[in-house]
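My questions all concern the structure below.
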Amino acid sequence: MIETIPTKPYEGQRPGTSGLRKKVTVFEQPNYVENFVQATMDVVEPSAKGAHLVVGGDGRYFNFHAIQVIAAIAAGNGVEKIIVGTNGYLSTPAASHIIRKYKLTGGIILTASHNAGGPKNDFGIKYNLGNGGPAPESVTEKIYSITKTISEYKMVKIPPLDLTTTGVRRYGPLTVEVIDPVKDYVQLMKEIFDFDLIRSFLSKNPDFTFVFDALHGITGPYGEALFCKELGMPSSVCQNCKPLPDFGGGHPDPNLTYAKSLVARVDRDNIVMGAASDGDGDRNMIYGANAFVTPSDSVAIIAHHAELIPYFRDGGVHGFARSMPTSGAIDRVGKYKGKNVYEVPTGWKFFCNLFDAKRLSICGEESFGTGSDHIREKDGVWGILCWLNILAGLNAQNPKIKTLIDVKKDFYNIYGRTFYSRYDYEELENEAAGKVMDRMRAIADDKSKVGEAVLPGFVVSEAGDFEYHDPIDGSESKHQGLYIKFENGSRIVTRLSGTGSSGATLRLYMEKHESDSSKFDLDAQVALKPVVHAALEILALEELTGRKEPTVIT
């Protein structure tokens, strides 16, 4: 029986770039989840009634409870069926694929991505559309609007879902199908990549060593299935591959600061190729012995070698794209290959219109997200398999190419090297972060600064506040990041991030292109030292925030 339960609105239920993310303690408030899920049901197109949805998450604390609430409210709103992974597990890329493969109405994904998990940490809920992609602003703003005036929600009291084994079960009016969360995704990867070629490469090069670190996020079982079962590598290549509700007390963010377990193993054992993924499986880091691959370089190198991957060789490449703060390395690939390169705001949803219009095939973000039009989310394990396929393909052409360093050098010899670094200042006071942005805005908004040297050697060539005009639907996204380009080929960008659950996170991005091959092997921080100095001077960062060092350097 459908029950209508009275409720009151909560402030601040505004979904960000990747859904609603808050502390678990916020989600635990009475009716907090119920309100947001009801608001989500109200925007399901064409209607929640009769809808088929996928529901699952990265296994973080509060995941199971949230699934129970979603099932009850889904039943109350006439949803016909939900598909859930065993134990409630489902990586974000796998969820996107399942929506598309089974032509579902949409999906509710439970994750706070790379943010820490546990009773005192973060949780998140996001809605994906029938194309498998994250809900765009037009939809998330509708959800937010409903949460501000909500007065009731509809539910059916159903017994706790049994998510321990696969199978189809009825709970009142709701059908619940529990599936293997890994199976469909593994099948998709086998259709995209040349697994025979990778296996051949591994057998011919016994000195090639590999390690995959899931950081106790959701991709552990996916990594074990692909790298061990399918590609035949020993189980020892997978570490931290058991999903844990608090990610083992760590921060499931694949970067040099938080993926210390991977970095330590690669450095200790001189591993040729190491890779890590994040909490929900949509990010990846590629890190080998003496060879960290920046995300900006990674997507550019994948774009350059796309024809080595069967999916692109057979289906063609429509175009490339990057988020605005991502380095211009992929722009050079696009120019060389005669492909359009789109510059979009941060947030994967901005790529999805381009995918659906067949304008785009490969894209990436500097925040360790790479992906393609095979699904409508970024995809960490896909990115790792790209590198294995590219290494195997290049090695088949030239047996001397067998390391990440070899691939990087080959790329730099064609395009030059775009040195790149990101400084994150986390949990700043909002006022201090605002003052730093004001310093940047003073230059970005002042057109008279063009042609002026703001510091010796740093003459402004262009500056502004990035705005995006979607070429498909005509929508506009303004205030997407402040940038200054200089005549010496360098660029700095600042953004306030919207994905943290407390405090402000200021992100500072710096890059400089180098065509002198004698400098390609420089450490990025050494090569960028003048740019970093200029950025910190322009922004008065230490003076305004009191921070001598960033929280994270990438």
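Cβ from N, Cα, C; glycine included.
Not my notes, these are from Swiss-Prot:
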BINDING   R21, S113, D282, R283, T346, E365, S367, K378  alpha-D-glucose 1,6-bisphosphate binding site
MOD_RES   T111  phosphothreonine
MOD_RES   S113  phosphoserine
ACT_SITE  S113  active site, phosphoserine intermediate
BINDING   S113, D278, D280, D282  Mg(2+) binding site
Give me the Cα-Cα distance between K378 (alpha-D-glucose 1,6-bisphosphate binding site) and D278 (Mg(2+) binding site), rounded to a whole Å.
12
Across the record's alpha-D-glucose 1,6-bisphosphate-binding residues R21, S113, D282, R283, T346, E365, S367, K378, the largest CA-CA distance in angstrom?
20
Roughly how many angstrom lie between the C-alpha atoms of R283 (alpha-D-glucose 1,6-bisphosphate binding site) and T111 (phosphothreonine)?
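Distance between the two Cα atoms comes out at 13 Å.
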According to DSSP, collapsed to three classes, what secondary structure does R21 (alpha-D-glucose 1,6-bisphosphate binding site) have?
strand
Give me the CA-CA distance between S113 (alpha-D-glucose 1,6-bisphosphate binding site) and D280 (Mg(2+) binding site), in Å, as a whole number.
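On Cα coordinates alone, these residues lie 5 Å apart.
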Where's the emptiest Cβ shell within 10 Å among the binding-site residues D278, E365?
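Minimum Cβ neighbour count within 10 Å, taken over the binding-site residues D278, E365, occurs at E365.
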Restricting to the chain of D282 (alpha-D-glucose 1,6-bisphosphate binding site) and a gap of 6 or more, list residues whose Cβ falls under 8 Å of its Cβ, or answer none.
S91, T92, P93, S113, W348, G369, G371, E377, K378, D379, G380
Run through the Cβ atoms and count how many others sit within 10 Å of the one on T111 (phosphothreonine).
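Step by step: centre on the Cβ of T111 (phosphothreonine), count other Cβ atoms within 10 Å, giving 33.
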How far is it from D280 (Mg(2+) binding site) to T111 (phosphothreonine), counting Cα to Cα, in Å?
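Taking the Cα atoms only, D280 (Mg(2+) binding site) lies 6 Å from T111 (phosphothreonine).
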